[in-house]
Amino acid sequence: MNWNKGGSGNKRGFGFGGFAISTGKKEEPKLPQVSHSAFQSASSKYGSTSNQLPSFYKIGSKRANFDEENSYFDDEEEDSSNVDLPYIPAENSPTRQQLRSKTDSDSEEDPLEAFMAEVEDQAAKDMRKLEERDKEKANARGIRDDIEEEDDQEAYFRYMAENPTAGLVPEEEEDNLEYDSDGNPIAPTTKRIIDPLPPIDHTEIEYPPFEKNFYEEHEAITSQTPQQITELRHKLNLRVSGAAPPRLCSSFAHFGFDEQLLHQIRKSEYTQPTPIQCQGIPVALSGRDMIGIAKTGSGKTAAFIWPILVHIMDQKELQPADGPIAVIVCPTRELCQQIHSECKRFGKAYNLRSVAVYGGGSMWEQAKALQEGAEIVVCTPGRLIDHVKKKATNLQRVTYLVFDEADRMFDMGFEYQVRSIANHVRPDRQTLLFSATFRKKIEKLARDILVDPIRVVQGDIGEANEDITQVVEILPSGPEKWTWLTRRLVEFTSTGSVLVFVTKKANAEELAANLRQDDHPLGLLHGDMDQSERNKVISDFKKKSIPVLVATDVAARGLDIPSIKTVVNYDVARDIDTHTHRIGRTGRAGEKGVAYTLLTSKESNFAGDLVRNLEGANQYVSKELLDLAMQNSWFRKSRFKAGKGKKLNIGGGGLGYRERPGLGAESSEHGTGGNVMSNYEAFKPSGGAMGDRLSAMKSAFQSQYKNHFVAASASTQKTGTSSINSGAWTSAGSLSSVPSAHPPSGKLPAEAAPPPVHTAMLGFTSSGTLSSIPTGYPANISSASYPAATLFGARDGASAGTESGGRERHSDSKGRHGDSHRPSDREGYRHGDGHRHSSSSRHGERNGGEGRRESSRDGRRDSSRDGESRRDGSRDGGEGRRESSRDGEGRRESSRDGDGRRESSGDGRREVVGDDGDSRKEGTREAKTDTFAIPVPPKRKKSRWDS
């Protein structure tokens, strides 16, 4: 089979006659293609017709022929497709519907529809988010989403719970930046935080037994009675608490020390034990745990060092790998060195070794000394923990543990370290805590490491030493402190060494530099100095090579330098406890000292604490300091109020009961009783406080209601209570009783007209009971036996023969307490009340003391001339009621009117004399008509008192 390209008479196709191809267009001859390639020969450029191409280009043209062959088959397929057309069903035919459903299910998803679906889904999501936000905004007030989330504070608490030692730095650390000589800030070097010792299981360790009770009472102590022991403790100002504390001693011979220790004590110039030593040493020798609290310079150090020596000498000697027997823990390096020197002084009598372990010293030297063996280790908490972790020593042989200045260690953040040290020591150890101040919170923490402790307190907790004279200088501003110090520094150095306290390290360096410029030789001590420098400064200060030492609070505790005579608080302390320790550097061991504190007007907060500290130490408090302290609100509120106290109004009704004026309350100037016994009866004890008072109040309100709310008609007969105005109100608020019966009209002669004789006290007693008033009058009483002034006798029980001034005083009292305090009543009292100008006094002036009988006769005659139609036999309140109903004058109708009370007792009718008495009497009646009984008062007649 041959392939025929066609052309000159030859048919195109394969060389078999199976099919024929229709003739098409004649193929046009191909134009010669001009090649622009670089392979074209040079001859072709010059009109050569021969087409010379590279071999690979010819291959390419041959490929083009193959493409033509392939197109032939494509044309054949197109022709065949036109012949065999697919079946296309008609519209709406079942086959078309099946094809549609099939194509819909089998066909791929349209991209546009997929994109639109995505857009709709995203829009729906956005709408849902917007709706949720709207709901959150609507409920934002009632719902807090941050409750479930951990805020900064909760994160801090969680972090502190997971890291209990985080952020615990000594108190002497300052946050301020230090600067070099060029003024560039020095990066602060933070101290390494010391982790506490890990817990230890003491049940897995077998400790050898030891003895800790070495105290035997002296015969002189045993022979003392408990009362003598109590008196001695009171004399020494000691307070001891705890289970079975041992008796205190009063001499070194009572302690039972051997001759070697006593010789060393005498060599140290000790003459007699201090109060804390008198009680503390017996407790320590007995093997008991103790909390010792005493003022600075009271000998606390010797109180635990001497028992240590006795305790150590009873135990076996140290082996090469053994640790110490006694450990003394203190907060500062200076205190550590000082206690170490004391231990060496007293320990050399027994050839005992002591090692001081503190921060800043050579770690290698301290570890070498510990490995060689030492019975006593005086340390700071952090450095001891370092040596224990590095296996330089161990605490298995420790049986005597002392924490000096325990509250200071807890305040400095050493609580966890202190607890870990105590937990690493055997549980049956002996533990002692000493301090000058001991807050209750720190005491509670300290009791956790003690077993049945005995608390020994000398003086008040945190009080200042009375041997120290404290002087407080109040200056207007800070620069004035410098002027004050430079003027007095030479005077201070002439008496002894001077210690100047400054709060901040930068201020201490600045003050020291300024003093050096003024040619004052001094030393500087603060926490950022190297330990060698600090040791050299303290050594020079003790040797008196430098008279002045400027220091921060690192020198405030435990620094025992006897040459210090003056302490100057250039800056006030952070708290009053630090102030107590500051001034305690002087006046030690019974010596006298002076402490100056410089205050400015801005430091009123500390002034309040300072006032209490001075008062507790019996020091003088200046008026300027007290005024400055009073500027502080908490001190002003908590300060006691000096001066006279408020007088309590204590009546028969109970504490704070105040008698109401205008209701017949007793005055302090006038008595209402007729004799002395009546006043005494008013203060009879009541059977029940609340019961009597309640009943008295009920009766008082009931009587007041009946007195005030009466009939409006003047002709209405008044009830008995409306005219019972002679009974005064008692302190319990009750009304007095009145006679229950009256003598018949006309039985008594006109001259006699006596009042009730045995009217003891017009009112209730303090217990709310009725006073004794007779229920009737005697049948025949002469006027000479019962004068008119009997009812209104003085408090001392004056008889009828007293002068008329008594009537005048009582009339004044009735006018004050009986009348109402309304303006109308006061006006009537002022113009028409004749009680202050009673007829008895005026009649006494005219007749030279004729007596009250003539006054009463004249009064009765005058009253009869006025047409008041009084009956001679009736002298009580009943006549007053009938008389007021006839005359239409409401003089006796109101219980508030003092005239009604006076005339119901039968006395007011004898108060008027002559015409003057008539005018006064009528004016009184007309002025007293402003009551509830008569709504419209009548016109008042003009009297002589109107002018």
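Note that Cβ sites are derived from N, Cα and C of the backbone, with glycine treated the same way.
The structure displayed is predicted, hence computed values, not measured ones.
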**Study point:** region 'Disordered' range according to Swiss-Prot, out of 176-200, 201-225, 251-275, 701-725
**Key:** 176-200
**Study point:** Feature motif 'DEAD box' in Swiss-Prot, mapped to one of the ranges 404-407, 656-659, 660-663
**Key:** 404-407
Exercise for review: Express the predicted model's confidence over the domain 'Helicase C-terminal' (484-629) as a mean pLDDT, rounded to an integer.
Suggested key: 85
Point to revise | the domain 'Helicase C-terminal' (484-629): DSSP-derived helix, strand, coil residue counts | key: 71 helix, 27 strand, 48 coil
